[in-house]
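For reference, TrEMBL has these:
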- 12-29: transmembrane segment (TRANSMEM)
- ASP197: Mn(2+) binding site (BINDING)
- GLU228: site 'Interaction with galactose moiety of substrate glycoprotein' (SITE)
- GLU282: active site, proton donor/acceptor (ACT_SITE)
Amino acid sequence: MATRMKLKLKTVFVLYFMVSLMGLVYALMQLGQRCDCTEHDLPKDRTISRLRGELHRLQEQIRKSEATKQPQKQPAKPSQPTIFVITPTYARLVQKAELTRLSQTFLHVPQLHWIVVEDSPHKTPLVSDLLVKSGLAYTHLHMPTAKDRKLQEGDPSWLKPRGVEQRNEGLRWLREDRRAQPGGDTQQGVVYFADDDNTYSLQIFEEMRDTMRVSVWPVGLVGGMKYERPVVEGGKVIRFHTGWRPSRPFPMDMAGFAVSLKLVLANPESCFDGEAPMGFLESSFLQGLVTMDELEPKADDCSKVREAICVCVCV
C-alpha cells in the first residue's frame with residue numbers, strides 16, 4: 001500500500017514537472033514574437049499622412065506665390081536725379097533673354113526710368129509682357145527702321161548703324177513728356193543709351209547720376225580691344241585710347257557716356273544721324289551738345305572699366 005502511494009506521488013510529481021516545463025517553454029517562445037499592434041498604429045499613420053499632405057499643399061502655395069510676386073525695385077533717395085535709359089531692341093532668338101538680364105540689372109538701380117523702343121511697326125506681346133513683369137518704371141515705344149537703312153542678310157554688322165531711329169524716338173518722347181510736366185525743362189536727370197546685348201556695372205549708374213553736361217568713362221571689350229577709354233590729364237579729357245579712327249570728334253562707344261537731361265531738353269534738334277559715316281554715330285549726337293574740354297571724366301579719371309560690351313569688368 002505504501003509502495004503504491006509512493007508510485008502515485010512520483011507520477012504526479014513527474015506530470016507536474018512536465019506540465020510546468022512545457023508552460024515555461026511556451027512562455028519563452030511567446031517572448032520572441034512581435035506584438036500585433038497594427039490596429040493601434042493605423043490612426044497614427046493616417047494622421048502623419050494627412051499632415052504631410054497639408055505641408056505639401058502649403059509649400060506649393062508658397063512656391064506659386066513667389067513665382068508671381070513682382071520684384072521690388074530699390075527705393076529712391078530723396079531728390080535723387082532720375083536716370084532715363086533708352087534701349088533700342090529688335091526681334092531675334094535671344095531678345096527675351098537679353099532684355100531679362102538687362103531688367104534684372106536695372107532693378108538694383110534706384111530712380112531709373114527704362115525707355116524701350118522696338119524696331120517694329122507695332123508693340124510686340126513679348127516685350128510688353130516682359131516690361132509689365134519687370135517691376136521697373138518704364139515707357140514702351142516702337143519705331144521701325146527705314147528699309148534702306150536695314151541690314152540685309154549676309155551684311156556685316158558694321159555696314160550700317162543700328163538703333164538710330166529707335167534712339168531718336170526715345171529722345172523725342174523724353175522731350176515731349178518732360179516739357180508736359182510742371183518745371184520739366186529744369187528737371188534734374190540723366191539720359192543714357194543702353195543696348196540690350198551689353199552688360200553693365202551698377203557702379204557706373206551712381207557715378208553718372210550727378211552729370212552736369214556729358215560724363216564719360218572707359219568701356220571694356222569693344223572694337224577688338226580689351227578696353228577703350230578717355231585719356232585724362234589734370235581732370236580734363238585730352239584724347240581717347242581707341243583702336244579705330246582716334247581722329248573722330250568723339251571716338252567712343254555708345255555705352256561710354258551719359259548726358260544731362262537739361263542739356264537734352266535745351267537742344268531739341270540734337271539727335272543721331274543715320275547718314276553719318278561708320279563709327280561717327282556717337283559724334284553726330286555729341287557734337288551739338290558739348291566740346292571735349294567740357295567732358296566730365298568718371299570712374300577715377302577714367303582709370304576703371306565700369307561697363308563692358310560682353311562681360312562686365314571692374315579693375
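Glycine is treated like the rest: Cβ placed from N, Cα and C.
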Using the alpha carbons only, what distance in Å do you get between GLU228 (site 'Interaction with galactose moiety of substrate glycoprotein') and the residue listed as 'active site, proton donor/acceptor' once rounded?
14
Quick one: give me the count of other CB atoms within 10 A of the CB of the residue listed as 'active site, proton donor/acceptor'.
22
Using a 10 Å radius around each Cβ and counting other Cβ atoms from all shown chains, which of the recorded positions ASP197, GLU228 yields the largest count?
GLU228
Which state, by DSSP, holds the residue listed as 'active site, proton donor/acceptor': helix, strand or coil?
helix
What does DSSP call ASP197 (Mn(2+) binding site) in the simple three-state scheme?
coil
Provide, as an integer number of angstrom, the distance between the C-alpha atoms of GLU282 (active site, proton donor/acceptor) and ASP197 (Mn(2+) binding site).
18
